[in-house]
């Protein structure tokens, strides 16, 4: 005789399968309930981790265990009708507790005070009686923090030089989950991009390829400042640093103002002016000598040769005396 396969979908029950037949033994059970979505909170806040059963259980048979998984750390233990603080991990002593008046009603929610970043993770609420057991999990996450800041003043640059446009990110989101874009706002040109934990030069506009880059060693500290090399006149304008996460975005701007002179250019100009000054100073005596010669030649042309000879003789006599 052909038998029909049987499937057991009974929750929190005992199911025994023997050759040729299906034998069921169902014990009175309960269902442990918790939140479906992760709980999000901020450091220093108090948070409630829900855990309850759908039917009351005898206190004398009850044991409730709150664990933080990965690795398993005992947050709180309730057994033999009372909490057992001596069994708690030291990091939770004085911070984690149940609501005594709610326990007879089947409510085993955990109150956790002074939340810290180290408290993030998955918690397991396990409920045991002599005849049955059940559990639920609660994920606890730190509220996302995202702030982006940059320079408050415009940045000056010069043609052919390089400049750094500041962009600092304060966040608790892992680098691999961040996306950072630098755009030139007047034309929405993509200057540079960071995503999935690395720079994406292939996404750059061709105008900036090989000229715009992140300062790699600063990225782990949340510094996504942009280094722009070989400055051109068309680089002048406003730039925007935009940081994206799964839940939002933030941005800051940086302005590259009119191009000025570099230090090298200023030195070259000063040297040129100095050289011009030297030339002018050395040329004054020569000009005076030429002028005197010119005047002498004009006088000789105006007077007869005999007068000039007498004049020259008198001059010699005067100087010899």
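Even glycines carry a Cβ here, placed using N, Cα and C.
Marked as signal peptide by TrEMBL: 1-20.
For 28-141 (among others), the entry in TrEMBL reads domain 'Ig-like'. Break the domain 'Ig-like' (28-141) down by DSSP state and the numbers are 18 helix, 48 strand, 48 coil.
Secondary structure of the domain 'Ig-like' (144-257) per DSSP, as helix, strand and coil residue counts: 18 helix, 53 strand, 43 coil. TrEMBL lists 144-257 (among others) with the feature domain 'Ig-like'.
Under the heading transmembrane segment, TrEMBL lists 266-287 (among others).
Taken from TrEMBL, the feature transmembrane segment covers 299-319 (among others).
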